[in-house]
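Following: one structure in structure tokens, then a few remarks.
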Amino acid sequence: MNYIILGPPGAGKGTQAKKIAVKFGILHLSTGDMFREAKKSDESISKLLSSGQLVPDEIVVNMVRKRLEKNNIKKGFLLDGFPRTVKQTGELDRMLMSENIKIDSVFLISVPFEEAAKRIAGRIVCACGASYHTMLLPPKEFGKCDCCGGVLFHRSDDKEEDIIRDRFSVYEKQTKPLIEYYKESGLLIYIDGLKSESDVFEQISGCIINGE
């Protein structure tokens, strides 16, 4: 059970990845979580993320490699936010090949920019990793996390439309070539990201259960 989940900013990758990992008992590896942790102590990464730009391939690959080596991935894993470039894809292939591990499926959650921007603008998060939406998935108590009671906030790269548009543009330029790569390899599965969160979850779960 080894999977990759792709999609533009605001597609709901992180939300779905966490739920899928719990349901099937596999490891969730999120580069987004890794970056947000790293930016606390690395000013260069912080500046890149705040401007909507991609972190250099060498840094990303090294972070993922360390995380894969640190965790037991024999039971399966779900990569969320990686790979994002053709170079990262090649590095991932080499990493997995050395361990005789293969990717079973690549899920692409597809949503247009307008919908993604709307979702991002309303997204609020907690330091514990929980994510909410002011309209679509509000917390039980305004401004307070249901999981730990922490204060909810907007991520810095979610606040300005120009940054959101830049992030989407970077995705279009850097990540879309991967779609063709995984399509040609027969691993790509399209997921309609405009459906409800529960419907998207059921669609991905169904594909995994059916061995697609």
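Start at 1 and count along the chain as shown; that gives each residue its number.
Any Cβ shown, glycine's included, is placed from N, Cα and C.
Remember, it's a predicted structure, so these values are computed and weren't measured experimentally.
DSSP assigns Gly12 (ATP binding site) to coil, not to a helix or a strand. Around Gly12 (ATP binding site), taking its Cβ as the centre, 23 other Cβ atoms fall within 10 Å, counting all chains. Residues annotated as ATP binding site in Swiss-Prot, with sequence analysis given as evidence: Gly10, Ala11, Gly12, Lys13, Gly14, Thr15, Arg123, Ser131, Tyr132, Lys195.
Look at Swiss-Prot and you will find Thr31, Arg36, Gln53, Leu54, Val55, Gly81, Phe82, Pro83, Arg84, Gln88, Arg155, Arg167 tagged as AMP binding site.
For Cys126, Cys128, Cys145, Cys148, the entry in Swiss-Prot reads Zn(2+) binding site, with the evidence type sequence analysis. Of all Cβ atoms in the shown protein chains, 21 besides its own fall within 10 Å of the Cβ of Cys145 (Zn(2+) binding site).
Among the features that Swiss-Prot reports, region 'NMP' is placed at 30-55, with the record citing sequence analysis.
Residues or ranges marked as region 'LID' in Swiss-Prot (evidence: sequence analysis): 122-158. Mean predicted confidence for the region 'LID' (122-158): the pLDDT average there is 84.
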Subject >> Cys148 (Zn(2+) binding site) - helix vs strand vs coil (DSSP) >> reply: coil
Subject >> Between Tyr132 (ATP binding site) and Cys148 (Zn(2+) binding site): CA-CA distance (Å) >> reply: 13
Subject >> Residues flanking the Zn(2+) site, with Cβ no more than 8 Å from the Cβ centroid of Cys126, Cys128, Cys145, Cys148 and excluding those residues themselves >> reply: Ala127, Gly129, Ala130, Asp146, Cys147, Gly149, Gly150, Leu152
Original post:
How does the region 'LID' (122-158) divide up by DSSP, counting helix, then strand, then coil residues?
Top reply: 3 helix, 11 strand, 23 coil
Original post:
What three-state secondary structure does DSSP assign to Thr31 (AMP binding site)?
Top reply: helix
